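Visitor: Below are the structure tokens for one structure; questions will follow.
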Amino acid sequence: MAGGGGAERVRVGAAAAGLLPPSCRQPRRRESRERLSVCSKLCYAVGGAPYQTTGCALGFFLQIYLLDVAQLDPFYASIILFVGRAWDAITDPMVGFFISKTPWTRFGRLMPWIIFSTPFAVISYFLIWFVPDISTGQVMWYLIFYCIFQTLVTCFHVPYSALTMFISREQSERDSATAYRMTVEVLGTVLGTAIQGQIVGKAVTPCIENPPFLSETNFSVAIRNVNMTHYTGSLADTRNAYMVAAGVIGGLYILCAVILSVGVREKRESSELQSDEPVSFFRGLKLVMNHGAYIKLITGFLFTSLAFMLLEGNFALFCTYTLGFRNEFQNILLAIMLSATLTIPFWQWFLTRFGKKTAVYVGISSAVPFLITVVVLDSNLVVTYIVAVAAGISVAAAFLLPWSMLPDVIDDFKLQHPESRGHEAIFFSFYVFFTKFTSGVSLGISTLSLDFAGYQTRGCSQPSEVNITLKLLVSAVPVGLILLGLLLFKLYPIDEEKRRENKKALQDLREESNSSSESDSTELANIV
């Protein structure tokens with residue numbers, strides 16, 4: 001690879017000396033001001049849909065699927081959810097490490113990860129939604145394939161997230177591409193909710209009026225076995241519906257990966273063209289974790305993201321049992337996601353007009369009154385839909401802002417450590433790591449708390465203790481986490497003035513690097 005860098009300098013030097021025709025010369029100064037086409041931004045944005053589509057389907061439906069369709073004990077379901085999310089979190093820095101060691105290829109450094117992980121991710125995703133016909137080992141089946149899928153989708157999403165820094169050198173173009181990406185990602189959540197919810201919703205999952213029998217006489221045990229056999233048989237349509245939905249989402253996953261790989265090309269930093277020395281991951285990790293702006297940003301978003309993930313993981317059960325909208329919850333979820341999709345452009349305009357920190361406070365805090373309203377008022381379908389639409393506006397801000405602010409932190413890091421390069425994947429992977437790990441802990445604990453409250457698998461109704469627990473999990477706890485996260489954002493140092501200063505300083509640094517490179521190349525051309 002080092003030889004390739006030398007050849008690049010000779011090529012530039014020859015161009016400077018007039019030895020190459022104008023069509024072959026590389027306009028370095030113009031390149032830094034090139035704009036991304038709308039087509040390139042759309043192709044880049046489409047790549048964000050697979051992660052969100054599968055993640056939304058798993059986030060909203062996996063818990064209720066394990067409890068009421070696979071009929072696992074809540075304790076084992078909590079283990080699967082916790083271990084799967086925790087493993088998902090661990091794989092992010094692991095993949096980030098291997099990406100930092102990956103050499104550049106003709107397809108780039110990041111794109112091969114996306115291409116080769118896709119088919120295996122789709123297969124493992126489908127097997128998560130398949131109920132094996134085995135009397136024992138179901139827990140291990142779901143645990144293994146859930147972890148395999150999380151590993152493979154991480155191999156897709158971490159390089160895709162880091163790709164933000166390599167589609168353009170212009171901060172404004174990256175922000176614009178990020179807005180496109182967030183719009184498509186939220187649209188991906190709409191697709192995930194719509195496909196999974198509408199297909200599964202058409203197959204009515206039967207419930208048990210009085211589960212389970214409290215008497216342990218031989219007669220009651222025999223009757224219980226007969227009833228459970230009958231109900232298991234009646235679940236066939238529901239199980240088939242889950243597999244059909246998984247097949248459709250898997251097809252979309254492949255389509256989006258193809259569009260991304262064909263329509264987007266990685267761009268290397270001009271300074272990186274001069275050296276292909278291997279990057280020290282652990283030295284980079286130490287530098288990243290000591291960067292104050294990064295720690296303050298991910299800490300704030302850690303709590304706010306955790307609030308929305310906790311809401312996501314328990315909302316289906318909350319709508320089904322606490323609100324009593326068993327046949328409407330998929331439409332309520334769809335209303336949230338549609339509202340979020342339609343308001344992404346508004347938040348992009350808002351953060352451009354008023355600044356990103358202001359957008360954080362206004363956007364995320366707007367969810368608080370609606371989270372309180374949905375549990376304080378009596379169950380009312382119209383009010384629930386209004387709350388869902390309003391909550392979607394806040395969800396849009398929570399989607400957009402972290403990914404719009406992380407590149408600002410990376411630019412700040414580059415100015416403080418101009419000699420340290422190739423650590424972009426570390427920033428993104430460890431942000432996702434902390435978010436996923438804490439969400440795994442919270443989701444595992446929330447499912448376990450339902451078990452302690454007396455959750456009845458496939459019951460038509462639940463004990464009052466379960467309803468109280470669900471209210472806490474979708475209202476009180478998320479509100480507390482949001483308020484704590486917003487308090488921590490007060491410490492985040494990069495405001496709009498600081499961001500503009502960093503942008504100008506980074507542009508000056510790049511122009512200085514380009515000028516130095518061109519001077520060296522001219523001297524080399526004169527020697528030639």
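Yeah, the Cβs are placed from backbone N, Cα and C, and that goes for glycine too.
Keep in mind it's a predicted model, so treat the numbers as computed, not measured.
Swiss-Prot lists these features:
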type     : residues      : note
COMPBIAS : 503-513       : compositional bias 'Basic and acidic residues'
COMPBIAS : 514-528       : compositional bias 'Low complexity'
DISULFID : Cys207-Cys460 : disulfide bond
CARBOHYD : Asn218        : N-linked glycosylation site
CARBOHYD : Asn227        : N-linked glycosylation site
REGION   : 503-528       : region 'Disordered'
TOPO_DOM : 1-37          : topological domain 'Cytoplasmic'
TOPO_DOM : 67-73         : topological domain 'Extracellular'
TOPO_DOM : 100-109       : topological domain 'Cytoplasmic'
TOPO_DOM : 130-138       : topological domain 'Extracellular'
TOPO_DOM : 162-176       : topological domain 'Cytoplasmic'
TOPO_DOM : 200-241       : topological domain 'Extracellular'
TOPO_DOM : 264-295       : topological domain 'Cytoplasmic'
TOPO_DOM : 320-328       : topological domain 'Extracellular'
TOPO_DOM : 352-355       : topological domain 'Cytoplasmic'
TOPO_DOM : 377-381       : topological domain 'Extracellular'
TOPO_DOM : 405-427       : topological domain 'Cytoplasmic'
TOPO_DOM : 451-467       : topological domain 'Extracellular'
TOPO_DOM : 491-528       : topological domain 'Cytoplasmic'
TRANSMEM : 38-66         : transmembrane segment
TRANSMEM : 74-99         : transmembrane segment
TRANSMEM : 110-129       : transmembrane segment
TRANSMEM : 139-161       : transmembrane segment
TRANSMEM : 177-199       : transmembrane segment
TRANSMEM : 242-263       : transmembrane segment
TRANSMEM : 296-319       : transmembrane segment
TRANSMEM : 329-351       : transmembrane segment
TRANSMEM : 356-376       : transmembrane segment
TRANSMEM : 382-404       : transmembrane segment
TRANSMEM : 428-450       : transmembrane segment
TRANSMEM : 468-490       : transmembrane segment
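I would like each feature placed in context: is it buried or exposed, what are its neighbours, and how far apart are things?
Guide: Mapped onto three states, the DSSP output places Cys460 (disulfide bond) in coil.
Per-residue pLDDT, averaged across the topological domain 'Cytoplasmic' (1-37), gives 45.
Sequence-distant contacts of the topological domain 'Extracellular' (130-138), counting only residues of its own chain at least 6 positions beyond either end whose CB sits under 8 Å from a CB of the stretch, comprise 69-70, 72, 239, 243, 246.
The list of residues near the topological domain 'Cytoplasmic' (162-176) in space but at least 6 beyond its ends in sequence, with Cβ under 8 angstroms from a Cβ of it, reads 31-36, 40-41, 44, 47, 96, 99, 108, 110-111, 264, 266-270, 352, 403-404, 406-408, 410-411, 424-425, 427-429, 503, 506, 510.
Taken residue by residue, the topological domain 'Cytoplasmic' (352-355) breaks down under DSSP into 3 helix, 0 strand, 1 coil.
With helix defined as DSSP H, G or I and strand as E or B, the topological domain 'Extracellular' (377-381) counts 1 helix, 0 strand, 4 coil.
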Visitor: So are the transmembrane segment (139-161) and the transmembrane segment (296-319) touching or not, going by 3+ C-beta pairs under 8 A with a sequence gap of 6 or more?
Guide: no
Visitor: By a Cβ-Cβ criterion of under 8 Å, what residues six or more beyond either terminus of the transmembrane segment (177-199) are in contact with it?
Guide: 36, 40-42, 44-57, 60-61, 164, 167-168, 241-242, 244-245, 248-249, 252, 329-331, 333-334, 336-338, 340-341, 344-345, 348, 395-396, 399-400, 403-404, 407
Visitor: For the transmembrane segment (38-66), what are the same-chain contacts with Cβ under 8 Å, counting residues 6+ beyond its ends?
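Guide: For the transmembrane segment (38-66), the sequence-distant neighbours (Cβ-Cβ under 8 Å, at least 6 residues beyond its ends) are 72, 77, 80-81, 114, 118, 121, 125, 128-129, 142, 149, 153, 156-157, 160, 163, 167, 176-177, 180-189, 191-193, 195-197, 200, 242, 245-246, 249, 252-253, 256-257, 259-260, 262-264, 309, 312-317, 320, 333, 337, 443, 447.
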Visitor: Give me the stretch from 74-99, 356-376, 468-490 with the greatest number of Cβ pairs under 8 Å to the transmembrane segment (296-319).
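Guide: Comparing 74-99, 356-376, 468-490 against the transmembrane segment (296-319), the winner is 468-490.
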Visitor: Return yes if the transmembrane segment (74-99) and the transmembrane segment (356-376) have at least 3 CB pairs under 8 Å (sequence gap of 6 or more), otherwise no.
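Guide: Contact between the transmembrane segment (356-376) and the transmembrane segment (74-99): absent, because fewer than 3 Cβ pairs are under 8 Å.
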